[in-house]
Amino acid sequence: MEHIRTTKILHHHIASVEKLALTTSGCPLVIQCKNFRIVHFIVPRERDCHDIYNSLLQLSKQAKYEDLYAFSYNPKQNDSERLQGWQLIDLAEEYKRMGVPNSNWQLSDANREYKICETYPRELYVPRIASKPIIVGSSKFRSKGRFPVLSYYHQDKEAAICRCSQPLSGFSARCLEDEHLLQAISKANPVNRYMYVMDTRPKLNAMANRAAGKGYENEDNYSNIRFQFVGIENIHVMRSSLQKLLEVNGTKGLSVNDFYSGLESSGWLRHIKAVMDAAIFLAKAIMVENASVLVHCSDGWDRTSQVCSLGSLLLDSYYRTVKGFMVLIEKDWIAFGHKFSERCGHLDGDPKEVSPVFTQFLECVWHLTEQFPQAFEFNEAFLLQIHEHIHSCQFGNFLGNCQKEREELKLKEKTYSLWPFLLDDLKKYLNPIYNSQSQRFTVLEPSTVSFNFKFWRNMYHQFDRTLHPRQSVFNIIMNMNEQNKQLEKDIKELESKIKQCKNKQTDDILTKELLHSIHPESPTLKSSLCFKEQTLLPVNDALRTIEGSNPTDNRYSDYAEEFSKAEPAVVSLEYGVARMTC
Amino acid sequence: MRGRGGKEKLFSDRNINLQVRLCCPRRNNRTTQEPTFQYDFPWLASFRVPALPPGVVLGEQPLPPGVPSGSGLEAGPKAASPFYPGCSGGGGDCEARGPSWSWLTRTCGRHTQTWPSHSPKPRSSLGQRRCPPQPGAGPGFPPRSPPLRPAQRWVICSSAAVTSSRCRGSAVPWFLPLGGMEFAELIKTPRVDNVVLHRPFYPAVEGTLCLTGHHLILSSRQDNTEELWLLHSNIDAIDKRFVGSLGTVIIKCKDFRIIQLDIPGMEECLNIASSIETSEWRLSYVNKEFAVCPSYPPIVVVPKSIDDEALRKVATFRHGGRFPVLSYYHKKNGMVIMRSGQPLSGTNGRRCKEDEKLINATLRAGKRGYIIDTRSLNVAQQARAKGGGFEQEAHYPQWRRIHKSIERYHILQESLIKLVEACNDQTHNMDRWLSKLEASNWLTHIKEILTTACLAAQCIDREGASILIHGTEGTDSTLQVTSLAQIILEPRSRTIRGFEALIEREWLQAGHPFQQRCAQSAYCNIKQKWEAPVFLLFLDCVWQILRQFPCSFEFNENFLIMLFEHAYASQFGTFLGNNESERCKLKLQQKTMSLWSWVNRPSELSKFTNPLFEANALVIWPSVAPQSLQLWEGIFLRWNRSSRYLDEAYEEMVNIIEYNKELQAKVNILRRQLAELETEGGPQESP
């Protein structure tokens, strides 16, 4: 066998395994993955198929954290390297970059031992004038104890983005400490006395919560607040929306009209737009009105994370760099307790807790990169890679649901951090046309007119290569950029050699060795060769897809044959990886 | 001097097979543009028309005044002036000149010659020598890659131009005949080594294959071995086969001999095969007065075996007189795309023997073809009531009919109106936007058209079958499909010149009624039933393919947008009128300027050039899945959003590419310098 293609699928990526009705050629097995890959196997013997089916079912749903891949993944690093990896992102450093602590904001040690809020990190920044009793009092009035804390501080405007969970206000309850804390937040902003309170839920949902003793802030009880609903749906709506979207995408012989009506009825883009609109509202409040903003939803770890992080991304160009984006995810998602393990279904748990909240955030960022192609240091591949790893369980970053849980799991000792591995491959993730200098990109003002939102084919059809452009402008430009750097180097080298040569000639003391050393190096030849190759898609099968992209792949309706199913010669189950060899 | 500028251009570009001068009289000196439209038929060179068409005799046509009629070296330079009407001759007297339409000019090195016909042609050095071959590199063998070749092309000037086209109105450049050409001109590969000759009852001979002007020669270059000398005119038929990269050409001769040549290398083999193949096609001038088919150009390509009388009969059987003509010839396997109007079979199932004979004449023996009807079966059946119809299986047993449903007329117009309306309303929420986009059906039409074009291309390239495409009139969806299939199949049509030629050939000459279709666009309240964005849909489809193969096109999106603008409103005459005949009557060539002459100026071209272009000789298969098709923002959202950031990003991209070229050039210069220094240093060093 000359040509062996191996498809590796992590067990953790398996979202569902399905056995279809027996056919003449064997028993079909369909595996749907969390990274939107769909694989069809045909296993010749039904018994084998059944065995594989059962094993995969078990392997894809682990009961304990310790069984996850990250705990056995060994990239051959020693402990100090591992530790360095984990120290790459330092949030204290990040708050310093923002300009806190300062005269108005300070580090609170209230949650040092996770006593006030288990799902918050240890280090929290609060207004300097908010005393510990106020904090404690406020936390008792907030769902899961998630009291208002600083998420992002805008140094120029001296305005802050704060986040919390919903108040336990019910129909009439109030809490003076909470009111004081909000007061303190608005006072911490010397420019503007009023602050916005953004409830990211639809008004109806918030009102329904009042019946359960929760709810939203009453404007009458809080002085100087402007209350605003922004209407992002809850995790269950998002989950079924994605479900519908994937169903539409999986339809064979999909017509254009079915695609668009499916896209519409799934509501996916509507939800994306809602998140984006909320983030823009947030950014505008800070940029235009100089007002601080407090963001919450129900528990303050899903929609709140989306809106705060996206809002900061719009405001601060640092978060649009590779490192900054990592920091942003560490801060607003990991540290503030977005429940990655539950939302991504790392363990065999409640399927109702699974929801593509983080995926939506990545998609919003992608939409921004589409509108502002030069504003981001990273490219689409970076987003896709991060998405891959929130599900892969290969690294420790996204395991667990909050910092406390992660410490208990001793993730920093037992697993590796994703970020250094991404930085190792940095070249792949850089945007060749990134413009870091441009002043215009300090604050992004995206347009949210509906037609600006497009279906993210490269995410949801990542692995259906026939649907993608056969030649990627982006990759070519990226390679060319790389090549330019190499050429610049070559020019310097050549120039210095010419100089040497000239000097030697004038000195008339030529030594043979030097001349020899000049000759064999022909960097241009090398680099231009590799350039030629890379102009086609750099993905392994580029050549094949360009020329041979066979028409049957392309769904020319009548003529298209049924999707040819890969018939695996060997299906072996190894630890952690199902290997398909065709 | 206009004339001089034009001439230089004409003879400087050696890569152009056929250059045709567009008559573009300038009444004042508004511009000093280059009125040359270089028109090339990428596939035309691959078949030859052995004899000149009747009525056209080279060298015997009256030359325009001011041109010495004698043969000789002077003809070229001096003949340049009459290319420009207005410089000499003038338009008034040209009617009298009859069917004179061109002369052949041969550029050979610096000299330009006009050969009078029937005068002995200078034989190429290849053909003349018949010395017995000698061992080794015998002198009997043509020199390796004759130095003449690249420069030595027939440049055919449609001085046509001056006379015929102005009077009879063909703006351009039809296929200018390769008639009277030397065979040597068709030789693509003059020589291939390691060819194995198989003949029955003889041992196989390995040797070098040479093609000369008249012979195919195979020699093993051994002493005392026989050589094969085969006259091209003895070749009756050719078969090609491929096993891996080894190609086999089976030559069947008129004296019943059959020989087999194994030629290593697919490309070599194809070149050899197409060099010795004889054409099954001819040019017909049956429509020269636009009498047979008002919407066809004066010259069309038809099967050689069908005479003009038969064509006239076929024309009465096809809608609008649009008898089947050649649209595209696929070099790789010799398959063709033909197009026509619907057959007028009517309710009583009329048939036309000549029609059947015509389209069967395009099939190789034993081969089957496909008829792609761009209407659904239902619509095609309904058309019978109005006298139209489709080809009955019984009468066309060698053809398989496929119905595809491409919409036309008001349905397309409404689709466009809805789409533009949806795009213009910024207040739509997401659901409303998506449902409006869906309801416009625009992308559905795109998908239908692309799917049909892919199907056509697939029949040609994958199935190796010829196809005939028609809808009702054969002026709308038919042209969409034939032209898109060429974009997919033919690399040349993805270059700027090639695409211009495609538009000229498949839309303007083929009689797409631009005047009717593009009279109004999406906003006008007055709706005429013949308005339809057929051409815009075509451009959109090209854009979709361009997006999927961003490096395979020489032009960029702006080029397509520019064509869209000019099809609807233009200061140029190119898109005026509904067909050649109308353009002729309107005397557009005298009264207006050609779009191409403007576009092809370097300053304009630079705006339309794709910086990423890298010639891709492959067939490109686009994806037609709904996820792969996108709304063409450059057209439909152009005025509805700021594209500043996107434009800047594009500029940055271009900068990177430019910088790359700069660096490469610099590195090369430096390396040369270094090498020079080394060689200078070398001798100094050695003593």
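Backbone N, Cα and C define each Cβ position, glycine as well.
Heads up, TrEMBL stuff is auto-annotated, nobody curated it.
These features come from TrEMBL:
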- A:85-460: domain 'Myotubularin phosphatase' (DOMAIN)
- A:Asn234, A:Ile235, A:Cys297, A:Ser298, A:Asp299, A:Gly300, A:Trp301, A:Asp302, A:Arg303: substrate binding site (BINDING)
- A:Cys297: active site, phosphocysteine intermediate (ACT_SITE)
- A:477-504: coiled coil (COILED)
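Where TrEMBL records a feature, it is marked here on the structure.
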residue: A:Asn234; record: substrate binding site; Cβ contacts under 8 Å, 6 or more apart: A:Arg201, A:Asn205, A:Ser298, A:Asp302, A:Arg303
residue: A:Cys297; record: substrate binding site; Cβ contacts under 8 Å, 6 or more apart: A:Ser165, A:Gln166, A:Asp199, A:Thr200, A:Arg201, A:Ile232, A:Arg303, A:Thr304
residue: A:Asp299; record: substrate binding site; Cβ contacts under 8 Å, 6 or more apart: A:Ser143, A:Lys144, A:Arg146, A:Ser165, A:Gln166
residue: A:Trp301; record: substrate binding site; Cβ contacts under 8 Å, 6 or more apart: A:Thr119, A:Arg146, A:Ser165, A:Phe336, A:Gly337, A:His338, A:Lys339
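A:Arg303 (substrate binding site) falls within a helix when secondary structure is assigned with DSSP. With A:Asn234, A:Ile235, A:Cys297, A:Ser298, A:Asp299, A:Gly300, A:Trp301, A:Asp302, A:Arg303 listed as the residues that bind substrate, the site has a largest C-alpha separation of 12 Å. Shown in sequence order, A:Ser165, A:Thr200, A:Arg201, A:Thr304, A:Val357 are the same-chain residues outside A:Asn234, A:Ile235, A:Cys297, A:Ser298, A:Asp299, A:Gly300, A:Trp301, A:Asp302, A:Arg303 whose Cβ sits within 8 Å of the Cβ centre of the substrate site. According to its DSSP assignment, A:Asn234 (substrate binding site) is coil. Its Cβ placed at the centre, A:Arg303 (substrate binding site) has 29 other Cβ atoms within 10 Å.
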